[in-house]
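*Asks:* My questions all concern the structure below.
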Amino acid sequence: MINTDTISRDASSQSDISKMKPSNDGSFNRAASSFRQTVAPDGRFKPEAGRYHLYVSYACPWATRTLIMRSLKGLQDIIPVTVVSPRMGVHGWPFGDVDVFPGADPDPLYKSRHIKDLYLKADPAYSGRFTVPVLWDTKYQTIVNNESSEIIRIFNTAFNDLLPPQRAQLDFYPEALRKEIDALNEWIYPNINNGVYRAGFATTQEAYEKAVVEVFEALDKVEKILQDKDYLVRNQLTEADIRLWVTIIRFDPVYVGHFKCNFRTIRSGYPAINTWMKKLYWKNDAFKSATNFDHIKTHYYWSHPQINANRIVPLGPIPNIEPL
Ligand SMILES: N[C@@H](CCC(=O)N[C@@H](CS)C(=O)NCC(=O)O)C(=O)O
């Protein structure tokens, strides 16, 4: 009998990032996520404690958004989490028993070897990339959603009826601030969150230069917004902070070197952004507990041999984040 769980078609073009094709002009284009369902009382995926499972990498900024929101909302007991190894190889993200790494876990649900096994279990014909985060449904054994910007909105509200009132009332995308949050997300995502990847994965000088200039122009803009302020929107922690923060915390340790975003560092070039980043890290455990610099640095420098052929992981910066 053929076991379709273990024998899968050749999906190496989807799992091996070093085989990823750039576009004709050398620029990096991120593919859209494929699983876009939500959790709702009247839908297929109902809010239930213990039913959903979150698969993440500590290295991945998009996955880290979901970890931060999960902690802020106090969803730890409702949605368990599994962390993959940061060394993403030809089969994509391996679990912690396949590639032993401190802080990485085996898959507790199916003993999968790689994240790709979950995608192919959910849809054997899946043709996209095998990305984290993955919000998995144990009832129908499928992926609810693999788009972090949507998972954080699901976490923000969908489980409120299962939470104590002081957590349920926390809203990081409040109606009254949505316009301002959306307006920030609209340029911060392409120019900063994805901008660093566009710089780092560019395969022509022109595509790199365009991207890196856009990254620093956008950082200059953020620096002005954060003058004497603790948060991006009014004086309130919102998803706009979470979405930007995951990129800024990786900036000096990784993006300055690995992605060649080296006009300035955050610590020496952007005092307001640096203070905002440090306050969230040192004063709010949802941010600190979602950050693992060993996973972050190892992942990027190890997993992209097309950029860093010898997989040397730099020791600096020292420290990875400065004290407050
Ligand atoms: N749009 C997705 C992007 C997720 C994503 O690209 N994750 C990267 C890690 S940072 C990944 O898993 N890449 C694996 C690959 O492309 O093979 C989201 O925001 O959730």
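Heads up, the Cβ atoms here are built off N, Cα and C, so glycines get one too.
Below, the features straight out of TrEMBL:
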type	residues	note
REGION	1-32	region 'Disordered'
COMPBIAS	1-17	compositional bias 'Polar residues'
ACT_SITE	Cys60	active site, nucleophile
BINDING	Trp93, Arg129, Phe130, Thr131, Val132, Glu147, Ser148	glutathione binding site
DOMAIN	163-300	domain 'GST C-terminal'
ACT_SITE	Tyr197	active site, proton donor/acceptor
SITE	Tyr255	site 'Lowers pKa of active site Cys'
SITE	Tyr300	site 'Lowers pKa of active site Cys'
*Asks:* List the same-chain residues at least 6 positions away in sequence whose Cβ sits under 8 Å from the Cβ of Glu147 (glutathione binding site), in sequence order, or say none.
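*Replies:* For Glu147 (glutathione binding site), the qualifying residues are Ser33, Phe35, Arg36.
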*Asks:* For the recorded positions Trp93, Phe130, Tyr197, which Cβ has the most other Cβ atoms within 10 Å, all shown protein chains included?
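*Replies:* Within the set of recorded positions, the most crowded position is Trp93.
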*Asks:* Among Tyr197, Tyr255, Tyr300, the recorded positions in the record, which have a C-beta under 6 A from ligand 1?
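*Replies:* None, as no Cβ falls under 6 Å.
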*Asks:* Given the recorded positions Val132, Tyr255, Tyr300, which lie close to the residue listed as 'active site, nucleophile', meaning Cα to Cα within 10 A?
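*Replies:* Near the residue listed as 'active site, nucleophile' by Cα: Val132, Tyr300.
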*Asks:* Relative to the Cβ of Ser148 (glutathione binding site), which residues of the same chain, six or more apart in sequence, are found under 8 Å away?
*Replies:* Trp62, Ala63, Arg65, Thr66, Pro133
*Asks:* Mind giving me a neighbour count for Tyr255 (site 'Lowers pKa of active site Cys')? Other Cβ atoms within 10 Å of its Cβ, every protein chain shown.
*Replies:* 26
*Asks:* Need one number for the glutathione-binding residues Trp93, Arg129, Phe130, Thr131, Val132, Glu147, Ser148: the maximum pairwise CA distance in Å, whole number please.
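*Replies:* Value for the max Cα separation, rounded to a whole number: 17 Å.
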*Asks:* What does DSSP say about the residue listed as 'active site, nucleophile': helix, strand or coil?
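*Replies:* It is coil.
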*Asks:* Cβ-Cβ under 8 Å from Arg129 (glutathione binding site), same chain, 6 or more residues apart: which ones?
*Replies:* Gln14, Ser15, Ala31, Gly92
*Asks:* For the domain 'GST C-terminal' (163-300), what's the mean pLDDT in this predicted model?
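*Replies:* 98, rounded to a whole number.
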*Asks:* DSSP on the domain 'GST C-terminal' (163-300): how many residues come out helix, how many strand, how many coil?
*Replies:* 94 helix, 2 strand, 42 coil
*Asks:* Out of Trp93, Phe130, Thr131, Val132, Tyr197, point to the one nearest Tyr255 (site 'Lowers pKa of active site Cys') in space (Cα versus Cα); all of them are recorded positions in the record.
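*Replies:* With Cα distances computed to Tyr255 (site 'Lowers pKa of active site Cys'), the winner among Trp93, Phe130, Thr131, Val132, Tyr197 is Tyr197.
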*Asks:* Give me the count of other Cβ atoms within 10 A of the Cβ belonging to Thr131 (glutathione binding site).
*Replies:* 22
*Asks:* Might you list, by sequence position, any residue in that chain lying six or more from Val132 (glutathione binding site) with a Cβ less than 8 Å away from its Cβ?
*Replies:* Tyr55, Val56, Ser57, Cys60, Trp62, Ala63, Val84, Trp93, Ile115, Asn146
